[in-house]
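Undergrad: I'd like to ask you about the structure that follows.
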Amino acid sequence: MSEEPAIVAVDVTRTYDLDGVSVSALRGVSLTVSADDYVAIVGTSGSGKSTLMHLLGALDRPTSGTLRIGGRDVATLGPAEMALLRNETIGFVFQSFHLLTRTTARDNVALPLVYRGVGRRERRARAAEMLERVGLAHRLDHRPNQMSGGEQQRVAIARALVTGPSVLLADEPTGNLDSTTGEQVLGLLESLNADGVAVVLVTHDREVAARAHRQIVMRDGLIVS
Amino acid sequence: MRVAEAWRVAIDALRANRLRSVLTMLGVVIGVGAVVALVAIGTGTKRQIEQQVEGLGSNLLIVVPGRLDPGAAPTASTLTMDDVDAVIRVVGDRSRVAVTISSGETVRAGSREAYASMQGVLETTPDVFVRRLDRGAYLTRTDVTTGRRVAVLGAGIARQLFGDRDPIGRQVTIGGVRFRVIGTFEELGQSLGVDRDSEVHVPVTAAQRLLGTQRIDGLAIRAPDRERIDALGGAVVAALVKRHPDTDFSAVTQEQILGVLGDILGVLTGVLAAIAGISLLVGGVGVSNIMLVSVRERTKEIGLRKAVGARPRDIGVQFLLEAVLLTTIGGVLGMALGISAALLVDRLTPVPAAVTWWSLALAFGVSAAVGIIFGVIPAQRAGRLDPVVALRTE
Ligand SMILES: Nc1ncnc2c1ncn2[C@@H]1O[C@H](COP(=O)(O)OP(=O)(O)OP(=O)(O)O)[C@@H](O)[C@H]1O
Ligand SMILES: [Mg+2]
């Protein structure tokens, strides 16, 4: 089933309930991410980009509509199966890194492997390899507060890649970076995409968006083009 | 996630908050320590009393007037030496019967004086009870039949009156009447809270004359063997009731005395353990509270772990392990504290204490159980957190 798209969303909505007031963050979104896609999502702040990314990353469930990730309908999955799905098929780079502050770069990167049952020795080896790949071989034992924003961003990317995911979701991966570092990170994502990993990224930067194979523009919880 | 991994994460989390972990443990440490120490004191006391009651001699039967009901008013004794003769006939062996009439008296020797428990007895006392002499000789049958004024002194009395001098052959006055010392007892120490070294034994007949009475307070019989104790007790009581139709008599064995004392001490130990258990419970509530705080504080970490693939179970197990680790480490420290406290009490105070394996096992088991019981709610709460919501919290 190599023809099966990585992610299929059909008429997906997501409504948040805030003290009885419902906020519609997504109001019917349909989207297909194929196995070798390179998609950029753009849109104004609050248009629902992060909400959509959370759904695509199996972190959240749609309020209505169907969402299939790696060929599986998330409506049929329990929390433990969702966790497994995240661990096995998704690499997620968060808008604000989300690294464990008291933990070294190497152990931060190795964390997803803990929940895959990989032994400590192999975990550390694979984490070091990944950090080397993002150009942080010299920062293995640094903690997040001992690193620059760009370095932290690359640690977060290394963590997303260490499990060898088939889809990489990155929420503003270059948002906090200067143009040179941003360029490095983009180069990394593009080389991954060339290796057959589907890449979906959110960005406010027109130039970054222009480099993707296709762009999706969001406004008020809808895809407008 | 592997179990070894979960342990590592739990230990790291406890280390990261060392002071808080220690303070949380403290409740459990004190609770377990109290359980171990108090149970040790209860057990030690019970053992000591058992040894003392058994040390009196074997197959003993104590006969006293009145019913041995808890709460029954003590009955004034109407027993006389004639009754004792009747009992000796029933038993068929004078050397198996001992009697006593006791009275607190001041004993003087020269300028020194001591307060003694004077016991009017038969010459058979050392045959019935275990009572060893240090010096001299015990009373003879002739001493008893003639009411001779001779006395055997307890070790404490002898020391108070004569110091290091040999008291044998010297004169003392008991209640103002002159007696000649013919022997002294070996040192015995305390028994059931009574100082048994302050006894002075004199012939029952001499004591009765001194006190101006015909009565005796009670008698004791040593049965030839275990099997015959109950039958003998029945026969003696029947003989006495026949002579005193208006009075009840009771014959109790050592086992019955031990049983009653054991029940009382058992209840006492239980109450102590329950009080200690409550403090353990309070410690457990503390653990629960801290774990809830910890879950709240680490919500973001939980969200991230879930985002990269931790299942609800993995997170739950991690927090449960943390709680169990806290209480079991606390439990082990508490056992050490309890054992030390028990040893100190045993060594430095007259209260005996004996640490028992079962109380250690119980305390450890309970503290682990407390960790599980009080860790479950925080662990479930952590396990159920929604990853997106958790990541959003600050
Ligand atoms: N957990 C939540 N509870 C309530 N409302 C939420 C929640 N998450 C998002 N929203 C609302 O949903 C809408 C979309 O939010 P989202 O984070 O997806 O926007 P975004 O496109 O990622 O914005 P930005 O570019 O600023 O990151 C916003 O109006 C936001 O207030
Ligand atoms: Mg966003």
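Heads up, residue numbers simply count up from 1 along the chain you see.
Here the Cβ of each residue, glycine as well, is placed from N, Cα and C on the backbone.
Pulled these from TrEMBL:
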DOMAIN    B:21-236  domain 'MacB-like periplasmic core'
DOMAIN    B:274-387  domain 'ABC3 transporter permease C-terminal'
TRANSMEM  B:21-42  transmembrane segment
TRANSMEM  B:264-295  transmembrane segment
TRANSMEM  B:316-345  transmembrane segment
TRANSMEM  B:357-377  transmembrane segment
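Looking at the shown structure, can you explain where the listed features end up?
TA: Mean predicted confidence for the domain 'ABC3 transporter permease C-terminal' (B:274-387): the pLDDT average there is 88.
Residues 28, 31-32, 35-36, 39-40, 43, 277, 280-281, 283-285, 287-288, 291-292, 319-320, 322-328, 330-332, 334-335, 338-339 of the same chain, all 6+ positions outside the transmembrane segment (B:357-377), place their C-beta atoms under 8 angstroms from a C-beta of that stretch.
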Undergrad: Could you pull out which residues elsewhere in the chain have a CB under 8 Å from any CB of the transmembrane segment (B:316-345), counting only those six or more residues past its ends?
TA: 1, 6-7, 9-11, 13-14, 21, 24-37, 40-41, 44, 283-284, 287-288, 290-291, 294-295, 351, 353-355, 360, 363-364, 366-368, 370-372, 374-376, 378-380, 382-383
